[in-house]
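Student: The structure that follows is given in the form of structure tokens.
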Amino acid sequence: MEDEGRGAARSLPAAAAASSRFVRCLYAVGFLDLFGVSMVVPLLNLHIKSLGASPTVAGIISSLYGVMQLFSSTFVGCWSDIVGRRYSLLACILLSALGYFLLGTSTTVFLFAISRVPVGIFKHTLSISKALLSDLVSEQERPLVIGRFNAASSVGFILGPVVGGYFTELEGGFYQTSFICASIFILNAGLVWMLPWSEENASSSEHEQGTNSNKVTDNFSAKANHDLQFKSVAIESMASDSPLQSSWIQTAMLLKRIKGIACSNLWDIFLVRLLMSVAVLLYYSNFGLALEERFGVKPKFTGYLISYSSTLGALAGCLLEPITRLYQHNTYTILLHSSILTCTLILLYSSALNVWTVILSSTFLAFSTTVGRTCITDLELSLGGNQASGTLLGVGQSVTSVGRVVAPLLSGIAQEFSPCGPPSLGVGLALVAILIMNMNKPKYCGNGNVKLKTQ
């Protein structure tokens, strides 16, 4: 018995070290993903115009990409819950690489539009990576780990445009940049393939055993437990059935999970996410134009200010550990306070009398929005359950996509009244989100802490 106890004690640090190695590898996956994407994305509008597309056609193609992201996020996230993170993540990375490779051969507007289809449907690598992180770590560690993952990804997004801009100045620079981006995605796929997945399986099994002992307190969590049993039966069936039958089983499971989300009581969380997303998007929608009209600021200064804010946002992900310790891992309270701070800072920006006030609001807004995004993701996973993390993150991305569709329309209407119209409207939406969180406080909190609903 003593030998068994010593063996178990030795296995715990080994499992923790294995999980830590896996998590660090996922940070590298997130960095490479956004590094490759940010090399190309700032150049897309210039390239499609160089192909002879009118602004209307360019806008339609960009909108179609957003619509594909809107509808595919939930399905791809749910699919990752069913077939497993490894194969879904590999498939998304490789198909995204195909899209960027086709982009590198797009010499006509039609080929450009075709190249955006694989990326629009399957570019959900970051969501699946976050779902994988939630499988690996405990609920108390999850905000910290996801915050660091966001920080690593943000660093890639900061460095990518610099490298892409350098290659663009060369002859055929856009095509070279697209091929380099595709190569980075293939490199990322190789990294994912070589990850120690046996360690991930062991770590996630221990994590599930630890969380399964908790009481289920949410209807959707109970449904996810039933889905887990269905999944084990389905996997056995898929091993012996024909590909057609296996596809039918996977489709049935996918629809069942989506129905579980639709019938769950998570609508308020997703509504808060939508309102805060639109509020922040309204803040940035006419940022450069408003600064020029209000203070006569040159675009060059605006670019520096945006880069400064992006850098602070990346650093904010590294500060989540002391913040979560300060709040005793109370995710709901952190989200509420960060939302109040975001609302206050947008109000400060909309009523600013000089540029220094804008710089002050941008500085703290970078921190509050980063913390808020991490906390809303953690709260979704806590209330929805780990077994459906891919589905929940997919629905969250779809909700954010709705915000990206709605925000430009609201911004255009608000700008008809004043350059400060969009951020002022954002303040109103943020206040509604804060009110919803306060009304549903008993649902999120028990004895001062977030109810972490597990399987």
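Backbone N, Cα and C atoms are what each Cβ position is placed from, and that goes for glycine too.
In case it helps, TrEMBL gives these features for our protein:
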type     : residues : note
DOMAIN   : 22-445   : domain 'Major facilitator superfamily (MFS) profile'
TRANSMEM : 25-44    : transmembrane segment
TRANSMEM : 56-80    : transmembrane segment
TRANSMEM : 87-103   : transmembrane segment
TRANSMEM : 145-167  : transmembrane segment
TRANSMEM : 173-195  : transmembrane segment
TRANSMEM : 266-284  : transmembrane segment
TRANSMEM : 304-320  : transmembrane segment
TRANSMEM : 355-376  : transmembrane segment
Student: Going through 145-167, 173-195, 266-284, 304-320 one by one, which has the most CB pairs that fall under 8 Å from the transmembrane segment (25-44)?
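Tutor: That would be 145-167.
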Student: So if I exclude everything within five residues of the ends of the transmembrane segment (266-284), which remaining residues of that chain have a CB under 8 angstroms from its CBs? That is, six or more out.
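Tutor: Sequence-remote neighbours of the transmembrane segment (266-284) are 220, 339, 342-343, 346, 349, 365, 369, 372, 376, 379-380, 383-384, 392, 395-396, 399-400, 402-404, 406-407, 410-411, 414, 422-423, 425-427, 429-430, 432-433, 436-437, 440, 443.
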Student: May I ask for the residues of the chain that lie six or more residues beyond the transmembrane segment (145-167) and have a Cβ under 8 Å from a Cβ within it?
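Tutor: Same-chain contacts beyond the flanks: 23, 26-28, 30-40, 42-43, 126, 129-130, 133-134, 136-137, 173, 176-177, 180, 307, 310-311, 313-320, 370-371, 373-374, 377-378.
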Student: What else in the chain is close to the transmembrane segment (355-376), if you only count residues 6 or more beyond its ends and a Cβ gap under 8 Å?
Tutor: 143, 146-147, 150, 269, 272-273, 276, 280, 283, 291, 295, 297, 305, 308-310, 312-313, 316-317, 319-320, 323, 331, 334-335, 338-339, 341-342, 345-346, 348-349, 396
Student: For the transmembrane segment (304-320), could you work out the same-chain residues 6 or more beyond its ends whose Cβ comes under 8 Å from its Cβ atoms?
Tutor: 143-144, 147-152, 154-155, 157-158, 287, 291, 358-359, 362-363, 365-367, 369-371, 374
Student: Over the domain 'Major facilitator superfamily (MFS) profile' (22-445), work out the mean pLDDT and round it to an integer.
Tutor: 80
